[in-house]
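Asks: Quick one: this structure, given as structure tokens, is what I'll be asking you about.
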Amino acid sequence: MEPASKKSKMGKNVKFNNNKKKYFHAKRQTLQPGQRGFFATCNINEKACVRECYNLLNHYADILYGSEKPENEPEKKQPEEGAGGDAGEDDPKPAAGGTSDDDDDLEAAAAKCREMLSQRKMRFQNVDTNTTNCVFIRTQLEDPVALGKHIINDIATTGKSMSRFVLRLVPIEVVCRANMPDIITAAGELFDKHFLKEPTSYGIIFNHRYNQQIKRDQIITQLAELVNSKNVGNKVDLKEAKKSIIVEVLRGWCLLSVIDNYLECKKFNLAELANPSDKKSSGEGDSKSETSEVANGNDKEQAESSEESKSNDDENKDSTENDK
């Protein structure tokens, strides 16, 4: 039998650990149907990737839409100064029995602050994807694609990506559950916005992580049929599509978006936009051509020297035969 003192200590530790979870394990935001935002990928250091996403999105959102102002922000009241000096000097001291009123006021103020924080809507909020090296930033903006295009165009023109860990930053228009009925329903509403009016060329880009139920051929076939049903003039173009349908499946969730000139913009790869590989490839091609020309010149010189040596050998043979 264990002593009572030891049992009491164990009970206190268990109680302390249970209370500790409330403070040290904050409630995480998770993906939900109907959300929109930005899907980012990285190789290492997800925390740094999230921080860079916040910096990028807030920087360009402030440029486009202005700085973010919290809703229902309380106005700070400044104390009025009396004629004789500070306002606090002439205030009467609270009576001894007024402590309960002060406590009630503090509780009411704390409850009001909690209510304001719960009602406050942040412009960008990190959402847990439960997928390695995949980050999703939820947004309250109506059109995340417009902000994404502005970021990409600015990086392409200036050549400065302002990021080190973020590889791709793709705007997402809708989130749904990763099953075919929900995907077709969400895609149908989305395609009404992009494929109804004028015929265009399109391509489907599908990626899946930690999900084997959604098959590539199945989803591509059904989405292509859905696009053609919106407008018969829509055609598939895998190399130079004007509109790209982005389908990212993360475990039990599917992220959908339709983006113009996605392939021209290096698939929204920030590093590729800041440092285009075309320049590197052209430089490498010039160096390769120069080395090939040098090699060809050396080969010609070697061939000519070998021919001269052969002719010298033939002359020596003829002279020896004449001597004999």
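Placed from the backbone N, Cα and C atoms, the Cβ positions cover glycine too.
Annotations per Swiss-Prot:
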- 1-24: region 'Disordered' (REGION)
- 67-104: region 'Disordered' (REGION)
- 68-80: compositional bias 'Basic and acidic residues' (COMPBIAS)
- Thr99: phosphothreonine (MOD_RES)
- Ser100: phosphoserine (MOD_RES)
- 154-260: domain 'THUMP' (DOMAIN)
- 275-324: region 'Disordered' (REGION)
- 277-291: compositional bias 'Basic and acidic residues' (COMPBIAS)
- 298-324: compositional bias 'Basic and acidic residues' (COMPBIAS)
Asks: How many of the residues that make up the domain 'THUMP' (154-260) does DSSP mark as helix, as strand and as coil?
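Replies: Residue counts in helix, strand and coil order: 35 helix, 36 strand, 36 coil.
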Asks: Please work out the mean pLDDT for the residues of the domain 'THUMP' (154-260).
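Replies: Residues in the domain 'THUMP' (154-260) carry a mean pLDDT of 96 in this prediction.
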